[in-house]
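Below you'll find the structure, written out as structure tokens, and then a few comments.
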Amino acid sequence: MGCLGDSKTEDQRNEEKAQREANKKIEKQLQKDKQVYRATHRLLLLGAGESGKSTIVKQMRILHVNGFNGEGGEEDPQAARSNSDGEKATKVQDIKNNLKEAIETIVAAMSNLVPPVELANPENQFRVDYILSVMNVPNFDFPPEFYEHAKALWEDEGVRACYERSNEYQLIDCAQYFLDKIDVIKQADYVPSDQDLLRCRVLTSGIFETKFQVDKVNFHMFDVGGQRDERRKWIQCFNDVTAIIFVVASSSYNMVIREDNQTNRLQEALNLFKSIWNNRWLRTISVILFLNKQDLLAEKVLAGKSKIEDYFPEFARYTTPEDATPEPGEDPRVTRAKYFIRDEFLRISTASGDGRHYCYPHFTCAVDTENIRRVFNDCRDIIQRMHLRQYELL
């Protein structure tokens, strides 16, 4: 009878043994993958359009990868430099397109504004005609006359006056930066600097992941762009992220969104923040609030042409909090403005705060590498605590 229990052939026994060993290897790899997954800090980057999310990602690459070198992580410095130069070369076209879009948008707006803006030098009209004639030319090759006309128009006081009213139409933030660099960009051997690449605006849509390591800690940053209408469908997919970094264009208080040309951009950001803060899938995930574009906010406030109270009447009654810590040499008007915007967001987070998640505000300038380095270092302890709490280790 005992023989009946051992009726398997040698081949069958060997096959079962091999299967058990394969299962052990798979289980071991799964455990390893699980440990790596749990040890990785996953950051979800959110914010309204043109708030600076993609620029934050670029800064992470400059600071913690190998700059603008494709996938990053090359051990060979020469290969890293080669890849970096290659990517920079491919970005030249994007930068030239930004330059072209900037001058086209400004001169097209001159006749559409109310009241319209006239050229300071009427003899420049033929230059305006040229710029408008090439507006929709596909695969534009940027001949020398383009740069000549663009530079002459940018030096026209009427064009500058129209630029000063750019909150009345849709103009990319980097317009002045690249228009001021026409003589550099037009050179045949032009290679963009890191600052040029940080300023370059390319519309993002979809979800992009950037991986980097800081002091042997792995970070995965997910940049979500162009998803205004689809947000409610995919947001639940990120309910296990370590933290949300919410980016706000603080300078957008006097601008409207591209989608409808009516909704105030800062109000749109407040509405989006509220929807994320109260989202049932994210109720345990804390938010690091990047109050971005502080440089542009300061310029607007000090220029005095667009007053915050004209768009947010409650600002007229706002006083700077006693615990405010201005930057060295910062004008009190700028301090009051930036803390008002901060408190508008904190009002949302404290109104529905249940102790399960918190909001940590920071003032940022995404094109300033040292500012982002300092802010991200300040955030790392917060992120680490969130990570420990996420896996009930704290």
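The backbone N, Cα and C atoms fix where each Cβ goes, glycine too.
According to Swiss-Prot, the protein has these features:
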type	residues	note
BINDING	47-55, 197-204, 223-227, 292-295, ALA366	GTP binding site
DOMAIN	39-394	domain 'G-alpha'
LIPID	GLY2	N-palmitoyl glycine
LIPID	CYS3	S-palmitoyl cysteine
REGION	1-25	region 'Disordered'
REGION	42-55	region 'G1 motif'
REGION	68-90	region 'Disordered'
REGION	196-204	region 'G2 motif'
REGION	219-228	region 'G3 motif'
REGION	288-295	region 'G4 motif'
REGION	364-369	region 'G5 motif'
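Cβ neighbour count for GLN294 (GTP binding site) (all protein chains, 10 Å cutoff from its Cβ): 23. The Cβ of SER51 (GTP binding site) has VAL247, VAL248, ALA249, SER252, ALA269, ASN292, LYS293 as same-chain neighbours under 8 Å, each 6 or more residues away in sequence. Here the binding-site residues are THR55, CYS200, THR204; the one with the fewest Cβ atoms within 10 Å of its Cβ is THR204. Under the three-state DSSP scheme, THR55 (GTP binding site) falls in the helix class. Sequence-distant contacts (6 or more apart, same chain, Cβ under 8 Å) of GLY47 (GTP binding site) comprise LYS53, PHE246, VAL247, VAL248, ALA249, ALA269, LEU272, PHE290, ASN292. The DSSP secondary structure for CYS200 (GTP binding site) is coil.
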